């Protein structure tokens, strides 16, 4: 119990240091891309990144098994289920994560519905794209939902566990390592042929913004304060058990190794 209170209080202290200004520059980047997409249209948006897409898709698809397994971590259900472990000791993380997830869902669904950006296979043709796993077609490429999920989760965790009493160099290294992990996971969406590079870039930024909004909301408003109550544990136990069943079926059906040790 003492460890739980200490860990959760440390997360709360870390979260109180997060400022709304942290999203200013990222938000400007998102706005700039959205303005370009709105005025120039989906065709121009895709065309200007054509060479970058083909280069990244060709290079990343050389590791199909790795890319396919890693990209599963961007599945919202899988990501949230894996975080069930934090409920008992740091429920504040879940308070922030629930708000952040709702915000990220609005970003993803709203922009996908508003901008009919063709997926790589739809735009270039199946013969011109290296596809790993499911062939995704249609006009819902912008932004990458997996990238949003990845960076939403990473942002909430990143600010929760900022190293204490360490040098600035150590803290910078901590942020850079997590950023690298996020980039590796997010760019799998290009490697499997599901998204254009800018879809992933904007998705990642929106995930970061969603995470910050979730953190700020958990500090100021406590919209999901009930998460800290022991009465919520049965709900999360069901979530965890459901995730175990879901991942077990997924592993068996798709021969995934990302959740196993062999």
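Yeah, the Cβs are placed from backbone N, Cα and C, and that goes for glycine too.
Annotation comment: TrEMBL describes 96-215 as domain 'Phosphatidic acid phosphatase type 2/haloperoxidase'. This prediction places the mean pLDDT of the domain 'Phosphatidic acid phosphatase type 2/haloperoxidase' (96-215) at 95.
Beyond its flanks by at least six residues, the transmembrane segment (20-39) meets 45, 111, 115, 117, 142, 198, 201-202, 205-206, 208-209, 212-213, 216 of its own chain at Cβ-Cβ distances under 8 Å. For 20-39 (among others), the entry in TrEMBL reads transmembrane segment.
Look at TrEMBL and you will find 70-89 (among others) tagged as transmembrane segment.
According to TrEMBL, the feature transmembrane segment maps to 96-115 (among others). Cβ atoms under 8 Å from those of the transmembrane segment (96-115) belong to residues 15, 34, 37-38, 42, 76, 80, 83, 140, 142-143, 145, 148-149, 152-153, 155-156, 160, 203, 206-207, 209-211, 213-215, 217-218, 223-224, 227 of the same chain, restricted to positions at least 6 beyond its ends.
What TrEMBL lists as transmembrane segment is 144-162 (among others).
Sequence annotations record features per position, and here TrEMBL assigns transmembrane segment to 174-194 (among others).
Annotation comment: TrEMBL describes 200-221 (among others) as transmembrane segment.
Among the features that TrEMBL reports, transmembrane segment is placed at 233-252 (among others).
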Secondary structure tally of the domain 'Phosphatidic acid phosphatase type 2/haloperoxidase' (96-215) (DSSP, helix then strand then coil): 85 helix, 0 strand, 35 coil
